[in-house]
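Trainee: So TrEMBL lists these for the protein:
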type	residues	note
BINDING	ASP431, LYS432, THR433, PHE553, LYS575, ARG610, THR690, GLY691, ASP692, ARG826, LYS832, ASN855, ASP856	ATP binding site
BINDING	ASP431, THR433, ASP852, ASP856	Mg(2+) binding site
DOMAIN	879-1119	domain 'P-type ATPase C-terminal'
TRANSMEM	96-114	transmembrane segment
TRANSMEM	318-339	transmembrane segment
TRANSMEM	365-386	transmembrane segment
TRANSMEM	909-930	transmembrane segment
TRANSMEM	942-962	transmembrane segment
TRANSMEM	992-1014	transmembrane segment
TRANSMEM	1020-1043	transmembrane segment
TRANSMEM	1050-1070	transmembrane segment
TRANSMEM	1090-1109	transmembrane segment
Amino acid sequence: MGNCTVVPTFRRTPGNSNSNTCPTTISSITQNTSSHLPKRETYVVHHNLPSSPDSQLWIAIKNRRRYKHKTNRIKTTRYNLITFLPKNLFEQFHRIANIYFAILIGLNWIPIINTISRNVTFIPLTVILTITAVKDLVEDLKRWRSDSKINKQTTEAYDKASKSFIECKWEDLNVGHVVRVRTDQVVPADILLLASSSCESTCYLDTAAIDGETNLKQKSIPSCFLNYTKSEEASFELQCDPPNDDIYHFCGRIILSSGSHVYPCDNNNILLRGCVLRITEYVDGLIVYAGNETKVIKSSRHTISKHALIERYINRDVFFSSIILTALCLICAGLAINWDLSYGSQWMFVPFLEYNPFDGVAGRFFINALTFVILFQVMVPIALYVSLDVVRVLQMYTIGRDKHLKYEHPISCRTFTINEDLGQIGYIFSDKTGTLTQNKLVFKAMSIGGLQYSVRSELPTENSTIVQHFLTVLAICNTSFMVHDHQELMHRIDYQPKYEGDNADDLVLCQTASDFGVRMISRSAQNILVRHINSTNTEKEDVEYEILCLLPFDSTRKRMSIIVRRNDQIFLFIKGAETSIWPHLSSLNDVHMKATIEQNSLSFAEQGYRSLLVAYRQLTLTEFESWFQQYEQAANSLANRDDAISDAATAIEVELMLAGLTAVEDKLQDGVPKAIATLRCAGIKIWLLTGDKQATALSTAQAASLVNIPQTLTSGNSSLSKNNSPATNSWDFGASAQAQLNQYTHMIYYSSQLIEMDQLLRTRGGTMSDELRTGETISRMSEVIAAQNLPVSLVVTGEDLGVILRYKPKEFMKAACQCQSVLFCRVSAKQKRELVSVAKSVFKYRILAIGDGANDVGMIRESNCGVAVYGREGSQAVAAGDFAVDRFECLTRLLLVHGAWCFTRTCELILYTFMHNCAYVFVIFYHQLFNGFSGAVSLHSLYILLYTSLFTVLPQCAAALFDQHVPAERALHEPQLYEYTLHARCYRIWSYWINILDAVWQSATIFFIAYFAYAKHADIDALVFGFSIAFSMTITSMIHVVLQTKRIDLALVGSIAFSLLVFLGFTLIMDATCILCLNGQSPYHVSYMAFRQGLFWLTNLFTIILAMLPRFFVKCIYNSTGNPLLRNDQKEHVPSSTQDTRF
C-alpha cells in the first residue's frame, strides 16, 4: 500500500559528506537545514522515496539495525495466558502490606518460632491475592474485548499497485500508509493531512471523544501539498517529534524529493486518532503515529500521583506503633529467657524445657523475639492502607453522586488518594477568566482613534481609513472559522456565516466586526474573503486578502498578528494586551489620540471590562521578504520552534500604528461572590492569578467579594466603580462571619512599595542590586502588613513577580501569607506554576489550584489538589485536574461539606484501627504473663486472624462512609466550622496516645475480668476462656464505633448487625463441624458450652460496660465543655431545620 519507511534518527551536526552526491537529495537537505540545531531525537517517516543503491538515505537505512514498522494494532491488556499468574503476583507483591504478611507467614513456618497454625496463616493473604487477581483478570478481559473490537474496524487505505483506495482493517495499517477518512468516520491513527474534498483545503473535526469539546476544529493542508492533484503519490520525508502524549502540540517539517525547500507542519495539520470527520466529504492523510504510539493512547496512560497530608500523620503513628511493637517483643523475649533461667539447675526436671536454658541465650532471645513479632504483628496495621484505599474509592463515588455538585456536568473525581486534603485547604490559587467569570463575552464598546462607539450607527458616515483598518483587524486577525449552513446564499448582502473557534475573544470580536459592516465570509489556508457593507446595508464590496503569515497568540508575547496582502499592499494587523503592544508603537502615532485611548482603557477597566489594543503596520515587499527568511528558519526548526517563532514575530511587530481599543464584558458566574465570602469565613485565603491588568483585576475582586474597598479609595489615579460593591447583606451567615465580611480591606501595592524603596535609596545616595532591592522591599512590606488591623490585600504585577521569583520567592511567600488575599495581574502560565511550587514548599496548609484553560494546567498539576472548571477554553485543565466541576461555587460544598466529612471520617478510621489492633495485641500480651512468655494463647488461631480482618472491619468502614460530624446545611451556614478540619483538631499527636491508653484499658478489662471470673472453675476449658475474651473484644469493638461516630444511621446499625451475625454464624458453624480442623485446636462445641453458662453472660456484660465507661464519660464531658462543633453560641445561630441530633 505504498512505498514507505519509518526510521528513528538522531539529528547531528553533519560531518564530512560525500561531495559526489546529488545536492538536492533529502539527506543533504536534512543536513543543511539541521546544522544549526542541537542534538535531538527525531522521528522520520519516508513516503514513496526511491531505494536505489546510490541513495545516501538508503545506505544509511541499510547500515542501521532493522526497524520494525509500527502497526496500528492497539494492545492495552496487561497479561496473557502465560504471564497472568506470575506477573499479577509480582505486581501485587510490590505492595508493602503483602510483602509484610508474606514474610510473617514464612517465619511462622519455621518450627522453632511457630506460634499460629500454619494452614490458618495463609487464609487472609490468599483471600486478598485471589480477590485482587480475579478483579485484575476481569478488567483485562474487558480491555481485550475492547481492543479486539477496535482493531477489527475498517477504513480505506491507498494501494500503490491498483492506484486506488481499498478497504482494510485498522490493525493492518502501518506508519507511512495513506488512508482516506470519509464524513462521520473516525480517524484510525494520527495522520498528516494530505488532501481534502473541501475547496478551502481544510476539514472540520469533532474532537469530543478526545478532549470533550463540542465545537468543531478546523485543520488545514500543509502548503506544500496545495498544488498536488494526487498527494498520496507525492514523494517526501517527514521529520517530526517522536511519539508522545501531548495531544495539543505537534512539531514537524516536510522535505519534498523534487526540490530543496523545507515546509513546516504543526498541530493544525494533524488529525488525531479518535476524532470524527464532519461536514467535509473526505480527507486523505499519511499515518505518522500508529497503534499504541498514537497521542491519544499515550495520553490515556498518564496518571497523577498525589498523596494526602493525612498520610504523614499515618506514617508518624505507624512509627510509634513500631516502637511499641519492638518494645513488647524485646520485653517478652527477655522475660521468656528469664522464666527459663528461673528453674536454675532443676531445668532438666521441667517437662517443657527440652534444652539447657543457660546455653545459647542470645540465639534463643532472637528466636523468641521473632516469635512475638508474629504474635503481635497487627500492632503495625499494614492492612490499614488497604482499608483506606477501599474507603477512599467509595467516598469518591459518593462525592460524584452529589446532585448539588451537578449542573451541566456531574463532578468528575480522578484522584481518590487526596479526598482528605479537601478538608485541609488553606489556600486557593484561582484563575479569573472562565473560572470566576462565565467566559461568555459580550461586546460593550470600542475606541477608534480616540472616539468611543457602542453601536454601528455611531460610526462616521465617510469612509475612514483607521475605522476600516480597525474593523478589518477584528474580522481577520483571529483563528476563527466559518460553518456555512446555506452556502448557496453566500452572494446575498445579508448572508451571515456561523463563526466557531476555541478563543472566546476572537469569536466575539469577529462577530462585532460583522455587526459593524466588515464581515468575514470565507477563509481558506491561503485566502480570506471579507465583505464590506455600507451603513445602509444596501451595497457590498468583497475584498480578498492573501494570507502571507499568521503569527499565533502565545503567553510570552500576549498578542497575535496576521500578515496579509491586498492587491500590492502588505499589511500586518495585530491585537493583544496593552502592555504587549504599547511599547511597540511607532513614534509617529498622534500623542493626543494615544492619551485619549489610554484614558478610555482605564475607564473600561474600572467597569470590569476586558480590553485589547488594535494596531497595524504597512510593510514593503523588501521588508517582508527579508523578515520571512528569518521566520522560515524558525518555523522549520524542530528544537524550540515556539520560542524561535516568538522571537521572529517580535522582530516584525514593531513601529505599529495604533488603531484603537476594544472592550468586552465577562460577567461573574452565578454564586461566585457568596462562594468566595463563604470560603473566606472558613479561614481559606484566596489568591487571584489573572492575565488582566491591575484595574480590571481589582474591579473583579471587588465584585466577587474578595476585597471590600471603600469607594473613596483609589487605585493609582482612578476610583473603583460603585457598581462593583459586593452585596453581603442578603447572605445568611452568622453575626461574626457577617462582621468579618463587612470589614474594609487595606490595599497594599507591591509596585508602590518598590517605588518608595527606590526613593529611599536615592535620598541615601546609594545603589543596590535587584536581589537586595527585592529583599528590602519585601521586608518593608512585611512590616507594613503586620502593622495593619484591617484585613490586607496585596497586589502584584507579573513583571514584579518575575523578579520576586528569581531572587526572593520564599521570603515573599512568608510575607504574603499574612494577607487575607493576594491579586497577581498580568501573570503568565509559567509564573502561575512557579508560584504554586514555591507556595507548596513554604505553606504548611494544603494548596488548591482552580482554573479552566490550558494556561492553568501547570499550576493545577503542581498544586496539592487541582480542580478544573468545565469551560469554553478546551479540556486540557479537566484532563489535568484531580477534580472537575461546572462552577466555582461548587468549591464551597466540595470543601466545607465533603472535604470536612472525608477528613473526619478517615481520621476516625485511622484512630479506630490503631486502637483496635493495640487492644488485640495487649490481650495476647497479658496471656504471656501466665504462660511463661511461651507465645501460647487461649484464643483459637482463626479468631486471631479473622478478628481484625472480618468480624470488626465493616462497622468502621460504614462509619467512614456515612458519618457526618456536622450536617451539610450547618457546614454551609457556619463556614467557620471548617477550621475544625483545616487545623486537624480531630487528629493531633495526642489523639493517637489517648487511643492507645484506651486500648490498654479495654484490653486489661477484657482479659483480667475474664481471668478472675474463670480462675476458680477448673471445669472450664482454655478455649471457652479464650472464646469469652473473643466475644468481649468483638462486642466492645462494635460499641466503640457507636461511641466514636457523630451520627447513628441505618447504615451503621445494619453493618453492626451484619457483622455480629457473621461472627455468631461463623462461630456456631465452626464449633459444630470442626472436630480436628487444626492440630491441637479443636473448637468442637466450645461456643455451645459457653452460651449455656450464666457466668459467660454476666462476665461479658460486666466487661463490656466497664471497658466502655471511660470513653463514654470523656466523650460526654468533651461534648459539654470543649467540643467546638457543639458550642451553644454557635447553635443559637443555626435554624432549627439544620440542627442534627447527636448521640
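Sequential numbering from 1, following the chain as shown.
Cβ from N, Cα, C; glycine included.
Please treat TrEMBL annotations as automatic predictions, because they have not gone through curation.
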Trainee: With pairs restricted to those 6 or more apart in sequence, evaluate whether the transmembrane segment (1020-1043) and the transmembrane segment (318-339) have 3+ C-beta pairs under 8 Å.
Mentor: no
Trainee: Distance between THR690 (ATP binding site) and ASP852 (Mg(2+) binding site) at the Cα atoms, whole Å?
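Mentor: A Cα-Cα distance of 12 Å.
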Trainee: How about the transmembrane segment (318-339) with the transmembrane segment (909-930) - do they touch, taking at least 3 C-beta pairs under 8 Å (6 or more apart in sequence) as contact?
Mentor: yes
Trainee: So if I exclude everything within five residues of the ends of the transmembrane segment (1090-1109), which remaining residues of that chain have a CB under 8 angstroms from its CBs? That is, six or more out.
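Mentor: For the transmembrane segment (1090-1109), the sequence-distant neighbours (Cβ-Cβ under 8 Å, at least 6 residues beyond its ends) are 1001-1002, 1005-1006, 1009-1010, 1013-1014, 1017, 1024, 1027-1028, 1031-1032, 1035-1036, 1039-1040, 1043.
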Trainee: For the transmembrane segment (365-386), what are the same-chain contacts with Cβ under 8 Å, counting residues 6+ beyond its ends?
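Mentor: Those are 95-97, 100-101, 104, 107-108, 112-113, 115-116, 128, 314, 318, 321-322, 324-325, 328-330, 332-334, 336-337, 910, 913-914, 917-918, 920-921, 924-925, 933, 935, 937, 948-949, in sequence order.
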Trainee: Below 8 angstroms Cβ to Cβ, which residues of this chain, lying six or more residues outside the transmembrane segment (992-1014), approach it?
Mentor: 317, 320, 324, 911-912, 914-916, 918-923, 925-927, 930, 1020, 1024-1025, 1028-1029, 1032-1033, 1036, 1040, 1095, 1098-1099, 1102-1103, 1106-1108, 1110-1111
Trainee: If you count the C-beta atoms lying within 10 Å of each candidate's C-beta, which of the binding-site residues ASP431, ASP692, ASP852, ASP856 ends up with the smallest number?
Mentor: ASP692
Trainee: Excluding the flanking five residues on each side, which residues at least 6 beyond the ends of the transmembrane segment (942-962) place their CB within less than 8 Å of a CB in that stretch?
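Mentor: Non-local partners: 116, 120-121, 123-124, 378, 381, 383, 387, 390-391, 394-395, 398, 905-906, 908-909, 912-913, 916-917, 920, 924, 1026-1027, 1030, 1033-1034, 1037-1038, 1041, 1044-1045, 1047, 1049, 1051-1052, 1054-1056, 1058-1059, 1062-1063, 1066, 1070, 1078, 1083.
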Trainee: Return only the integer: C-alpha distance in Å from LYS832 (ATP binding site) to ASP852 (Mg(2+) binding site).
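Mentor: On Cα coordinates alone, these residues lie 13 Å apart.
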Trainee: My understanding is the cutoff is Cβ-Cβ under 8 Å with a sequence separation of 6 or more in the same chain; which residues meet that for LYS575 (ATP binding site)?
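Mentor: Non-local contacts for LYS575 (ATP binding site): VAL473, LEU474, CYS477, LEU509, ARG559, MET560, SER561, ILE581, LEU612, LEU613, VAL614, ALA615, THR662.
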Trainee: Cα-Cα, whole number of Å: ASP852 (Mg(2+) binding site) versus ASP692 (ATP binding site)?
Mentor: 15
Trainee: Return the residues near THR433 (ATP binding site), defined as same-chain residues 6+ apart in sequence whose C-beta is under 8 angstroms from its C-beta, sorted by sequence, else 'none'.
Mentor: ASN439, ARG610, ASP666, THR690, GLY691, ASP692, ASP852, GLY853
Trainee: Count the Cβ atoms, other than its own, that fall within 10 Å of the Cβ of LYS832 (ATP binding site), considering every protein chain shown.
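Mentor: Within a 10 Å radius of the Cβ of LYS832 (ATP binding site) lie 29 other Cβ atoms.
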Trainee: Would you count the other C-beta atoms found within 10 angstroms of the C-beta of THR690 (ATP binding site) for me?
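Mentor: Around the Cβ of THR690 (ATP binding site), 24 other Cβ atoms lie within 10 Å.
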